[in-house]
């Protein structure tokens, strides 16, 4: 074990952890904004109840996303300083813009929304949650543009004098085709999580507490959440399909690694499940769908998909001796878990809609259990998606330009990076327990009573308690 | 003006903004066990910064992003070199950020006590360590010719750096006390105002000592003028606090912090991280910078968006301008 390994583990753990909170922030901010808009438009109290209820869950999650996000920005410089030196001219810009354009918007307007129930006119208060939601979604674009440069570097040259990558076309970086497709894929994945959370919580109350006066609110939330889940699942599949084709063009090794495809095939079949030896020489057991991989990768059922062995030989010729192959079991299984868990969430959403057809109320204990598992499934799908796309890029930190091992900080000792890894793991694990317990506590508490909010009045509220206080 | 100079100034402005804004919310956090005598008073204090602390912290994220984009070598060397202090700052910011949001989520006294500790230490640690970090930037650190940090943790802890840490902590404590006096009503307001004056005297002594020491290490005419201005602003702020002109007192401490940070950057220029080991290792605004193309794009983005950010963030402070007291804290 050396500092490089620990730095990689730390990046993996802190990033996956951060991304447990990000999808809910992205998706739920918009869904809460929609709920509040519905209340604003119809005046129906059930929407206000749902806004406040899911708003609370959103904020419990939001705080974690914010604080774990700062670690991400600092980590590039702390653990990956040679990477930062190499790409800073390109990679720093989207990060700085993300902070200036998106994070300020998000954090300022979240503050206004949380504390503004009695301070702002209704319309402005509604606009605040929308501004925060827009900021959150914008931030995703900039960080994904930065990540896409690592997957498919564009708009740059490597200056032989300075030895670093330098920006030549910023528009090309922002319109990187990997970024353009990864953004909707990631956003759809985020809504899959948010929709599932809506369903899980609402279903729990619907089935456990059937005579509640708030049944109509939960019914709406369960149905709304199911539709969001289904539509996002469709969007995830469509964008994932396009993404696969782009990946086959720009990172063919990643596609081959997703499949464990060792030899070039045309047409290539998709392996649903293969158990074999790691070097691909022996196959013990396999379920395959003919033509599917060719279609996924190229759009043509008879298209050629390059295999790992051929790509490894080609890269060795191009970049010199070395292994250019990711860890195949990791990429193979993370790719399948991503798809499998995502589809499972969609299937449960379909079931929830079916059990509520024509005004019925679901009663099944099994459905309740499935519903409770629901938010966990797309979270796992999101995590495995990131593990797949980042591990599938290895051994590169910037594809074709810099190896991961060359990006690590030389001045940071093993002891230092072990200290930080241990510290982050410990504090993150502690906070995870606290966070989940709080979420469950507030989810169980159910929708709040809503007394009508008086219009803000500047003259006679000197002694009136605040509508919300920490 | 050269683009690298513009970006040196912008990074300086971002850190100045960060220390003015998060300076008072660090101060409020550190004063929580001192000024907040019971749960309601502590809640009053937390709620004075509740709507704004997150936006304040984004100044740091933007400053970090701007360093990365405009001066990648500076960002890379500084963040990897100051590894353990930055780790502590991150852990502190994590704990305190979550604490603000989670503290009121459960009624138990033990639960609140733990989050109060998180807010206190989460504010104290960065308030000290930012001073330590900036003192080290000013004094210089051992850098090899390839700009890599060549020292250890102990190289960052010397009397000058510790004085820097004490100075920022004292300034932020004063700034926070003045802020509490400005934003509250009732008994706590009186106690905060009285404490601000006492803290302010200590902060003034420390700040004068630290800035004088700084100017003996490296200096420029501008730095001397700014340092004198910082001292005067702080004294003015204290005088205003003494006669209970809290708006002026806050203006005074804010300007004092701004001018003190400006002093550091003015003394530093054109270096961004001097080397005490190999002069070739010294990072300057020129040799640490990104390409003119990147800087130009970033300049346009900053020119367009910074006024918008300032406008809506300023408006937030206007929306939450009212003083609060124990009567405003809801029961639950």
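From the backbone N, Cα and C atoms, a Cβ is placed for every residue, glycine too.
Values in this document were obtained by computation on a predicted structure and should not be read as measured data.
TrEMBL lists B:6-36, B:82-99, B:119-138, B:158-182, B:194-215, B:221-241, B:248-269, B:297-320 with the feature transmembrane segment.
Tallying C-beta pairs under 8 angstroms between the transmembrane segment (B:297-320) and each of B:6-36, B:82-99, B:194-215 places B:6-36 first.
Here the transmembrane segment (B:248-269) sits apart from the transmembrane segment (B:82-99); fewer than 3 CB pairs are under 8 Å, leaving out pairs fewer than 6 apart in sequence. Taking every listed stretch (B:6-36, B:82-99, B:119-138, B:158-182, B:194-215) in turn, the largest tally of C-beta pairs under 8 A with the transmembrane segment (B:221-241) is reached by B:194-215.
With Cβ pairs under 8 Å as the measure, the transmembrane segment (B:158-182) is packed most heavily against B:6-36, out of B:6-36, B:82-99, B:119-138.
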